[in-house]
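One structure below.
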Amino acid sequence: MLNVNFVNEASSTNQGLVVFIDEQLKLDSNLIGLDQQHHGLISKTIQNKLQFTGKYGQIKVIPSVIKSGEVRYLIIAGLGNEEKLTEAKIEELGGKILQHATSCKISTIGLKITNRISRFTSQTFASLVASGAFLASYRFDKYRTTLKEAEKFAVESIEIFTDNSTETAKLFEIKKLIAEAVFFTRDISNEPSNIKTPQVYAERIVDRLEPLGVDVDVIGEREMKNLGMGALLGVGQGSQNESKLVVMEYKGGSKDVPTIALVGKGVIFDTGGISLKPSSDMHLMRYDMGGSAAVVGTIIAVAGQKLPVNIVGVVGLVENMLSGNAQRPGDVVTTMSGQTAEVLNTDAEGRLVLADAVWYAQEKFKPKCVIDVATLTGAITIALGNTYAGCFSNNDELADKLIKVGEEVNEKLWRMPLHDEYDAMIHSDIADMANIANVPRAAGSCIAAHFIKRFIKDGVDWAHLDIAGVANSNKASALGPKGAVGYGVRLLEKFIKEYT
């Protein structure tokens, strides 16, 4: 794991030294002295606009001309227009710096924070850069046994020189704790489905959360049957691995602090069931539990900080598999709420899992607010691509708060519509509702949201986040490699911290 330290005075023991330059291409007094130490290398570089323009995100790695000392490289990072810098952009810049250092095999980095950006203190700026670098250091290579030495290379440490290093370190410790929660979410999402069975996944949740003072209850199929969870159990009935409902309760607030319930879809692997998925990308269905992973990661972050809030997490862990016992198209299931659902398509299974999970959360904990998170529909990816998750809500204020926080942490949400006409499209002739629309290929994400909405009680504020397009990525970003993104943890953690 990347080691991050904050110091008040610069050290000469790092192989790479990072400085920040904005698009004005001017050196402040501190950088002038550093430039002189390096025989004008910084000023010569920024004078040549073919080499460096100072635009945001530009990174220039230059071999040092100093013959003595440990510094082998100067790394010049572009800030662009300082007025347009956001916390998210600063974090991403930290990630880019780490990635460039890794590609250049620079094992130790020093960062010199000399810039005075009006909207950010040097402590905030430094902690954000460190947070981005730490997030970008994540790897999932535990099953790669033949990695070459060059592929194993990782930056060992970052040392950040800034005023008031003690205060900066405190800011970073919170960000590091949140990043480690993101890492749990990425880890469990990246894990192959033959390893992370519902039982194993539940055990990992217990092992991670109980030391943080979170009460965890793992409910098996017998108890779920007694509770009447026919929708969730129907999804998992084709698997030889028993389905689980994991209930997490963090009681950090007083009794008069309203409870927020986070509910996650945890389909460990989704074949589509008898309504079989195409084989080409079916291996990616190991990520179909990304919503549940975001819920668990959020509770790790909240409990780790001992926030004065009351949070409940409920995740339904199932496998949607083919067998002689698998659920059939046309089956009717009775949900915990007593409502019945006709299963017209076994690949629309996530909403069935959530139906029982959100009802259980409301029945047992009486929350003021329910937020469910799910890799629910391919339709949301068609609508929004891989930039935004879809946000459906019965409460404008709740939706606005989530969207605002999403912009701040760069986990973007786009408000999607709910309408009575969509609700009418899940009519069934033989049950209370159908799990897909009676109009083929129409408004798929909206239809799924309305199915879940049928299980939200009157007076409960509700938001449904469809993260199917953003939970995993087929390319690296500034904050991590391709694979599981860990989307939702930072969004929900900040929402809970700021608005409860």
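Backbone N, Cα and C atoms are what each Cβ position is placed from, and that goes for glycine too.
Remember, predicted model here, so these are calculated numbers, not experimental data.
The following features are taken from Swiss-Prot:
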BINDING   LYS265, ASP270, ASP288, GLU349  Mn(2+) 2 binding site
BINDING   ASP270, ASP347, GLU349  Mn(2+) 1 binding site
ACT_SITE  LYS277  active site
ACT_SITE  ARG351  active site
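Each of VAL235, VAL267, THR271, GLY272, GLY273, SER275, LYS277, ASP288, ASN320, THR346, ALA348, GLY350 belongs to the same chain as ASP270, ASP347, GLU349, is absent from that list, and has a C-beta within 8 angstroms of the C-beta centroid marking the Mn(2+) 1 site. Distance from the CA of LYS277 (active site) to the CA of ASP347 (Mn(2+) 1 binding site) is 7 Å. Put plainly, the recorded positions LYS265, LYS277, ARG351 were compared by Cβ crowding within 10 Å, and the winner is LYS265. For the recorded Mn(2+) 2 site, residues LYS265, ASP270, ASP288, GLU349 set the reference point as the centre of their Cβ atoms, and the other residues of that chain within 8 Å of it by Cβ are VAL235, GLY266, VAL267, MET285, MET289, VAL318, ASN320, GLY350, VAL353, ALA374, THR375, LEU376. In this structure, ASP270 (Mn(2+) 2 binding site) is part of a beta strand by DSSP. Sequence-distant neighbours of ASP288 (Mn(2+) 2 binding site) (same chain, 6+ apart, CB under 8 A from its CB) are LYS265, VAL267, ILE268, PHE269, ASP270, GLY350, THR375. In sequence order, VAL235, VAL267, ASP270, GLY273, VAL318, ASN320 constitute the residues six or more apart from GLU349 (Mn(2+) 2 binding site) in its chain with CB-CB distances below 8 Å. A gap of 17 Å separates the Cα atoms of ARG351 (active site) and LYS277 (active site).
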